[in-house]
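J.: Just passing along the structure, written as structure tokens.
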Amino acid sequence: MAASSSSMFNGERAVVVLFVCRVLFSLPLSLLCHGLNLAFLSLFALLLDIRADISASSLPQFNTRQGASSGILLGAVTLPTLMISKLIQLTRAYSLHQIELQELEHMTMQYWATSASCFGVLMFICIVMWCAPNATHRRGSYTVWDLISLFCIISYAMTCCVSLSTISLTGLNTALKLIWVLCHGLVAVKLLQQLVNTFPSCASIGEVLLVTVGLVLYFGDMLACTIAKVSSHLISTEIISVQYGIRRSEISIIIQGLLIGLLLFPMFFKFVLHVWEWSLRMGHSEARTSNELGRSLLFFTSLGFILILIVPSWMQFVQDFHVHPVLWVLKFVFSEPFKRLSLCIYWLVLIYASVSRFYNISKNSKIERILLRKYYHLLAVLMFVPALIFQPKFLDLAFGAALAIFLALEIMRVWKLWPLGQLIHQFMNAFTDHRDSDLLIVSHFSLLLGCAFPIWMSNGFNDRPLAPFAGILSLGIGDTMASMVGYKYGVLRWSKTGKKTVEGTAAGITSVLAACSVLLPLLASTGYIVTEHWFSLILAVTVSGLLEAYTTQLDNAFIPLIFYSLLCL
């Protein structure tokens, strides 16, 4: 019984529950229905998380990463709780008349789309468990787990309907919004199945859930923005004005178009490749001698067609660019040439020196790879902190460009395209760990996105100056110090089976607090209005530090989002 209780209430779940309770405790009365919805979603995810770890055979369709827990609770609540935190922040801004009602309503619909995506995946997992061979209902009995799950499902649906009806003028608009969020849930289920089947053993359920919901939300935003631009008569004008009528910056449109184009590119290239291979089979056999060269030329031609013609056309359609987006980017960079070009040179020098040094060490040294990887976390601090303080808009664009380059290189590596595919694979293998695989290497993506996402989310209104630094502080300083101190001096372990130590966690928390004490006066001297409360800051740092200690998930992906959510309160 004791063993069962300890497996049900492990450290990761306790920290996640504390995180959700902290956010719910900060809710204003106007977001009470949203808070109840998040509570029911969290309880449902907690039940499924416990059941998945108690009975590993209950999810036969999921071939997940070895050594990681299911992560269902963490994956299901991270993004909805983040959206609730942003809603709290924007509600605070609206009460001070610093934003328009339209922006608050936009974030409200984003929350419901995110929540519905997570709930749809949880429903799918619940059905898979219910249909598993060892399910108790096959013997005609229903457990307490089943009854509580049913209660969560009904309560979730009720809070969703009530909340959406309160922000709609008519029943038709309520129905349209329900259909919209329901579509998010259905697409999320389909995409999660596709990702699990395409990339087996590459991630836990929670990690796949986080990626799935993020992609569905991003694609849904792009699709509805396009539809709204095509014709305001296709769907209710209220939906357009509430969710997609807000003003978007040129940089956000460029990043969105670039990333979505690259994410969709593999499907386009696969189709073009099939057509090309079919034409070769219909021709003479000697035409197949230059197969590798032909695939490479086809790849770069298709990529150029997407990035130079298709993606900029969409950008110009949804945003009033007066010039080609590429020319707009050049004009933006050269509007402050000395500062921005100097920053680019600074970044290139750091990257070249670090990569050449650490790559040689990784091949010829016995230093643990985990320590080598942490040097890149420190590199992120050196690269991004000055840019975030003095050139935040340029850093936004640079993050998008870097992520686009990473995506293009990973596509070349996965497809093994001549001449770079094999070279990229050999280089990336020098820095992989147990969370990466030959099929998919994600560590560099998680580090970049972990630093970029809080910065992107802070665009617009932001009354918490440390919030954009959430990823840089938690990964570049906290995670790095925790790993180095724990590796060298750690003695007391948090669990018998884990490697994380109390000394490492304490060092990570202390280092982040020390960095904040230096950063806050620096921000104040550059004109930021400092509104951070030290109690809330200490709690946010402690919760994210404990999550790093207990979780077996990809911490680069989750910790910055958790830390950012708590800093926004």
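Backbone N, Cα and C define each Cβ position, glycine as well.
Take a look at what TrEMBL says about it:
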- 15-48: transmembrane segment (TRANSMEM)
- 68-89: transmembrane segment (TRANSMEM)
- 109-132: transmembrane segment (TRANSMEM)
- 144-166: transmembrane segment (TRANSMEM)
- 251-276: transmembrane segment (TRANSMEM)
- 297-317: transmembrane segment (TRANSMEM)
- 337-355: transmembrane segment (TRANSMEM)
- 375-391: transmembrane segment (TRANSMEM)
- 397-418: transmembrane segment (TRANSMEM)
- 439-457: transmembrane segment (TRANSMEM)
- 469-487: transmembrane segment (TRANSMEM)
- 507-528: transmembrane segment (TRANSMEM)
J.: In terms of Cβ proximity under 8 Å, which residues at least six beyond the ends of the transmembrane segment (68-89) contact it?
T.: 10, 12-13, 16, 19-20, 23, 26-28, 31, 34-35, 38, 41-42, 44-46, 48-49, 52-53, 59, 104, 107-108, 110-111, 114-115, 118, 121-122, 125, 204-210, 213-214, 217, 435, 457, 461-464, 551-553, 558, 561-562, 564-566, 568-569
J.: Counting only residues 6 or more past its boundaries, what in the same chain has a CB within less than 8 Å of a CB in the transmembrane segment (109-132)?
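T.: Hits for the transmembrane segment (109-132): 34, 37-38, 41, 44-45, 48, 51-52, 55, 57-62, 72, 76-77, 79-80, 83-84, 86-87, 146, 149, 153, 156, 160, 163-164, 177, 180-182, 184-189, 192-193, 205, 209, 212-213, 216-217, 220-221, 242-243.
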J.: Compare 297-317, 439-457, 507-528 by their Cβ pairs under 8 Å to the transmembrane segment (469-487) and return the stretch that comes out on top.
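T.: Answer is 507-528, with the largest number of Cβ pairs below 8 Å.
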J.: Test the contact criterion for the transmembrane segment (439-457) and the transmembrane segment (337-355): 3 or more CB pairs under 8 Å, pairs 6 or more apart in sequence, then answer yes or no.
T.: no
J.: Do any residues of this chain, six or more beyond the ends of the transmembrane segment (375-391), have a C-beta under 8 angstroms from a C-beta of it, and if so which?
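T.: Answer is 336, 339-340, 343, 346-347, 350-351, 354, 358, 398, 431, 447, 451, 455, 468-469, 472, 475-477, 479-480, 522-523, 526.
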J.: Going along the chain, which residues at least six beyond the ends of the transmembrane segment (507-528) come within the CB cut-off of under 8 Å?
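T.: Sequence-distant neighbours of the transmembrane segment (507-528): 389-390, 465-466, 469, 473-474, 477-479, 481-482, 484-486, 537-538, 541-542, 545, 548.
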